[in-house]
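Trainee: My questions will all concern the structure given below.
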Number of protein chains: 2
Amino acid sequence: MKSELAAKVERTIRKFHMAEKGERLLVGLSGGADSAALLLCLDELGYDVSACHVNHCIRGEEADRDQHFCERLCEGLGIGIIVRRVDVPAYCRANPVSEEEGARLLRYNALQEISADKICTAHNLDDCLETTLFNLARGSGLKGIASIPPVRGNIIRPLIECSRADIEAYLAERGQDFVTDSTNLLDEYSRNKLRHKVVPVLREINPSLMETFAKTLGFLREDSAFLEKTADKAFEESIIGDGFSRKTIRGLDYPLRRRVIMRILAKNDIGISQDKIELIEQLVNNGGKASVKSECFAYTKSDILYIYNENNRPKSAEDEVVIRPDTVIIWQNRHICFKIIEIDGKFENVNKKFANSCLDYDKIRGVIVLRKRRAGDKIRLVGRSFNSDVRVLMKQAFPAHKRDGAVILADDEGVVLAEGSGAAERVKIDDNTRRVLVFDDRRE
Amino acid sequence: MKSELAAKVERTIRKFHMAEKGERLLVGLSGGADSAALLLCLDELGYDVSACHVNHCIRGEEADRDQHFCERLCEGLGIGIIVRRVDVPAYCRANPVSEEEGARLLRYNALQEISADKICTAHNLDDCLETTLFNLARGSGLKGIASIPPVRGNIIRPLIECSRADIEAYLAERGQDFVTDSTNLLDEYSRNKLRHKVVPVLREINPSLMETFAKTLGFLREDSAFLEKTADKAFEESIIGDGFSRKTIRGLDYPLRRRVIMRILAKNDIGISQDKIELIEQLVNNGGKASVKSECFAYTKSDILYIYNENNRPKSAEDEVVIRPDTVIIWQNRHICFKIIEIDGKFENVNKKFANSCLDYDKIRGVIVLRKRRAGDKIRLVGRSFNSDVRVLMKQAFPAHKRDGAVILADDEGVVLAEGSGAAERVKIDDNTRRVLVFDDRRE
């Protein structure tokens, strides 16, 4: 008989269109209660599941203990496991990030490098409540209050509607032990306070807290997604040439106006803050000119709002970044990771999400660079007999506010890849390909 | 020099269009820190302010102490004060409500009976945070998470953006003492837990909690209001004759679909619950028939969803309630309070909000009843030379989901008042009027 938890997980997977039977699911397995239960559950439900344990090399002995636990667990279940070691302390010394953030980034990087259709992480309903409370404490909009998204790209969270109590009961029932999980979403300090001091008080007020919260969260998620979608549309409608119609923006209700202005800021790589939003709103209302960040100002010309960005001007080589394999490039607010995958034989095990993000590295002529789209860019996509206008491809592949951040790869002879549309015919992967260049946005 | 708190209150009043200078503001004065500060602040800002203290007769000696404190405070400031005694314990014995709810209801009743343009209550930002957390704990939609509304009808809350710390600092600066307030929004148990156990932990995570929360709340309020407004419009568009277009409802995004279904339920006096919402949604999708409450079922006929309510059928006298002055009638989910106000001389001091809700009681012919609109209802409004169709008036005065709950008063010769539009010419108040019948919805 199917366990209660597995039944719940199956409902969640269906509800959020997380995965189909037959897809290859990769579970990020820390060995903690949540990921252990997730692995067991997905296995019980008959999914094609494998595991990846990322050893963060943070606490040596404990980390090795966790790794061995995961290996034994998978062995017992007959499930394949891949172990990856990442050096979080070294990464954090080299990059200005906290240990939590460094671990998260490297962990997701490691998971994304393994061939699978979907990556499954074990966030549960308690994590959502803690995140909601954390965002409420730290200040947030609806999106933050609505907490962790159930699906994000190829990352799915099948336990997102299960409480920690459900999960622990399931493991107890199966006699399955687990290790104490040391990787978490929030920093230790805030998480502990919320988990041990705040949540128990809320539970005293409402003993069915978790069931109720699951519903509340459902409503908030739907409301938030609807507002974001409506704002995407309003943003598109506000675009006039290189600028934005002040009249259109002024005519929007505040929730959309605010979100449209956030998109304008994001499109121009301007860090979003309430001050900046108000500044742009004032220009939209009253016209004028104002500096929005160094070498970047916003100004109006009759009905149109323009953002003039000194850094956005075509500057021959300066807005290009030469790609070196196995590096993460921070570009347009994204963490883009380039990898070389060596293959022998056919390149068939590529993760679906990379289908449009890879090319034959040995077919590159000269230097390969990452850059924004430029006027006049053309590409002959794989399998096509004609050149496509990259501007049109971008328009098909991305909402307007993401187009400027889309990856264009070019070599000495022109564009070889347009993100969202794929590689050029002349660098396509074929049976003779030995080295594949693949990239991915690694920001979680 | 204007105090910091007064400056903040002034910004809040302007932001939410709460009041104009010259309007008569009535402060509900408990003698607690919040209402004492509110009174001082509004006085400092030059508003035409008076106070009303409601003695709840709950804790005898303490209640009398509070009353005397308020009287002395107003005397010192040269501000007029009216004291009202309401018997909460007696009311709670007679009605199935908690002491908090009974006190709130009678307090708002008492305040609404006093002539003023606006009633000012002293809810502050800490109350909002506690309410948000309470609603999060108990389960809620966005509207509940967005907490206490700054304005609700003629009730305004000028301290809604001021923290309790701001308020206490203001009183300390002015050397103003206050009593310990015993009337509150949430029940003592939950409020104490949230105030003393949860909020301090959130403040450890973010020392500027209240400032940040004020912004968060602003966003949530705006998002919520926008969704409600958009849903009002979608609801109107879904109406086809006596039913609702299933196709229109199906075509809505979930946040609007859910809210439209909630309006359909409310319009038909069906208590809103997630189960009922899902039931209606299923009928909208698949068609069929289902009982939604006793003597009431929903069914579909091709594209149209109908709610058949046995109780809604015209039933001569049965759907009428004979009005007795000074009673609260629970009708269509509303608490409607009817009062006789005796006047001598001109009836000019009537609270603006009652302008469309009063008539000359002595001009009534026979029995006066409260009922729903019936087909064919006509009324000749004050100052008009022609009869108006009540159906049309309702349409102008209310969104569709509120029309069925609108008050129609009729005497033996026909409709004498249509809520939102006003009284009939033949019962209008004039210089000879001695007894005014006035009604009001007392639900807070």
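Note that Cβ sites are derived from N, Cα and C of the backbone, with glycine treated the same way.
What TrEMBL says about a protein is an automatic prediction, not a curated fact.
Annotations for this protein, taken from TrEMBL, read as follows:
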type    : residues                                             : note
BINDING : B:Ser30, B:Gly31, B:Gly32, B:Ala33, B:Asp34, B:Ser35 : ATP binding site
DOMAIN  : B:368-439                                            : domain 'Lysidine-tRNA(Ile) synthetase C-terminal'
Trainee: For the binding-site residues B:Gly31, B:Gly32, which one has its C-beta crowded by the most other C-beta atoms within 10 angstroms?
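Mentor: Top count of Cβ atoms within 10 Å goes to B:Gly31.
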Trainee: Within 10 Å of the Cβ of B:Asp34 (ATP binding site), how many other Cβ atoms are there?
Mentor: 23
Trainee: What three-state class does DSSP give B:Ser30 (ATP binding site)?
Mentor: coil
Trainee: Would you mind checking how many other C-beta atoms are within 10 angstroms of the C-beta on B:Ser35 (ATP binding site)?
Mentor: 27
Trainee: Could you give me three numbers for the domain 'Lysidine-tRNA(Ile) synthetase C-terminal' (B:368-439), the DSSP helix, strand and coil residue counts?
Mentor: 15 helix, 25 strand, 32 coil
Trainee: If you count the other Cβ atoms within 10 Å of each Cβ, which of the binding-site residues B:Ser30, B:Ala33 comes out on top?
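Mentor: The most densely surrounded of these binding-site residues is B:Ser30.
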